Amino acid sequence: MEYCSPVFHNLHAFWSSPVKKKLLLLSIMFVVWVYMLYSCVGYCSTMPGLTAPATGRRSDLVSRLLAKPQDRVPDPSAMSSFSNGSGSKKLPQAIIIGVKKGGTRALLEFLRVHPDIRAVGAEPHFFDRNYENGLEWYRDLMPKTLEGQITMEKTPSYFVTREAPARISAMSRDTKLIVVVRDPVTRAISDYTQTLSKKPDIPSFESLTFKNRTTGLIDTSWSAIQIGIYAKHLDNWLQYFPMDQILFVSGERLISDPAGELGRVQDFLGLKRIITDKHFYFNQTKGFPCLKKAEGSSKPHCLGKTKGRTHPNIDPEVVQRLRDFYRPFNMKFYQMTGHNFGWD
C-alpha cells in the first residue's frame, strides 16, 4: 500500500472543495488589491497637487479613488496643463507702436523667425480705431502661445495717437514698446510716395509741405510732416511709460545691419539671440535685406513689392527747408532717447 501523509490528505480535501477554492482565490485577490491601493497612496502623496495634511490624507485619497466616475472632480491644475498643451491666447506683452514708413513691417517679419515670438500679421488698430470692441475682442485676434513665448502686434499709428499711451497702460503697465524711427525727411517722402501710388492725382509733395511756399512756413497739420516730430509724440508716451520700457530701433540700421538691430530687440525682450547674420542676405534689386528662410518656410523671403518704392524727385530746396525745420526736434529727440541717429 502506498504511503500518504496527513498533510497531503488535508490539501487534497481542501482543493477538492469548490467553495473553499473560491474563498482562497478571493482572499489572495483582496490582499493583492489592498497592497496595490496602499502602494498608490504612498506614491501619489509625493506628487505635486496631491499633498495634504497628514491627518486624513490616506482616507481622503482612498475615497477619491473609490468614487464613481461621475462623482470625481477634475484637478484644475491638470486641466490647465492640458489646455496649455496647444497654447492659449494672451494680450500682447510687446507692441511695435511706430512709426509709419519707418520699417515696422520689416522688423515684424524678421522677429517672427524667432521661435519664442508669436505675432499678429495684420495691424489690429485696437488702441486707435477699435478700442470700443474691448480687450476680449483684442485678445481673440492674438495667436496662441505656449509658456515662455511672447505675444506681439504692430500698429504704427499708435505712436501718434494721443489716447494710445493711456489705453495701453490701462491694459498693462509692463507692456514693452518698440518704435522704429527713420530720418523724418526721408520718412515724409516715403509716406507721400505710398499715398501717391494709391491716389495719383494728389498735389505735389512741395505744395503739400508748405502752408505758404513764399514764406516757407511748413504745414505741420499734414500728417506726413507731423509724424516726424518724434520728440512731441514721445512726450505723450513718457507720461505713462518709463524710458527703459521703450526701445528705439533705427530704420536706417535695420537696412544696413539688420542682425545688429535685431540683436538689440531680442535683448530688450529678454530673449536669446537666435536671429543673427546667418538669417539675412542683401537683395541688390530691392535695396533691402531679405530673410534666407521665412517663418514656417524653407524658401527665401523679401518684403512685398509695396516696400522699397522709388521716390519721386523732390526739389532740393524743399528738402533743405524740411531739414532745417526738423533739426531742433531731432536734437531734442536725441537728448530724450540718449541716442544720436545721425539725421543731420
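Glycine residues also receive a Cβ, built from the backbone N, Cα and C atoms like all the rest.
Just so you know, TrEMBL annotations never went through curation; they're auto-generated.
TrEMBL annotations:
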type	residues	note
ACT_SITE	Lys101	active site, for sulfotransferase activity
BINDING	Lys101, Gly102, Gly103, Thr104, Arg105, Arg182, Ser190, Lys307, Gly308, Arg309, Thr310, His311	3'-phosphoadenylyl sulfate binding site
DISULFID	Cys290-Cys302	disulfide bond
DOMAIN	92-327	domain 'Sulfotransferase'
TRANSMEM	23-38	transmembrane segment
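On the backbone, the CA of Thr310 (3'-phosphoadenylyl sulfate binding site) and the CA of Cys302 (disulfide bond) stand 16 Å apart. A straight line from the CA of Cys290 (disulfide bond) to the CA of Arg105 (3'-phosphoadenylyl sulfate binding site) spans 12 Å.
Note: the Cα of Ser190 (3'-phosphoadenylyl sulfate binding site) and the Cα of the residue listed as 'active site, for sulfotransferase activity' are spaced 6 Å from each other. In this structure, the recorded positions Lys101, Arg105 were compared by how many other Cβ atoms lie within 10 Å of their Cβ, and the smallest count belongs to Arg105. Neighbour list (Cys302 (disulfide bond), Cβ cut-off 8 Å, at least 6 residues apart, same chain): Asn283, Lys286, Phe288, Cys290, Leu291. With all protein chains in the displayed structure included, the most crowded Cβ environment within 10 Å among the binding-site residues Ser190, Thr310 is that of Ser190.
The local packing around Cys290 (disulfide bond), expressed as other Cβ atoms within 10 Å of its Cβ over all shown chains, amounts to 19. Note on the domain 'Sulfotransferase' (92-327): mean pLDDT across this stretch is 93. In the structure as shown, the Cβ atom of Gly103 (3'-phosphoadenylyl sulfate binding site) sits within 10 Å of 28 other Cβ atoms.
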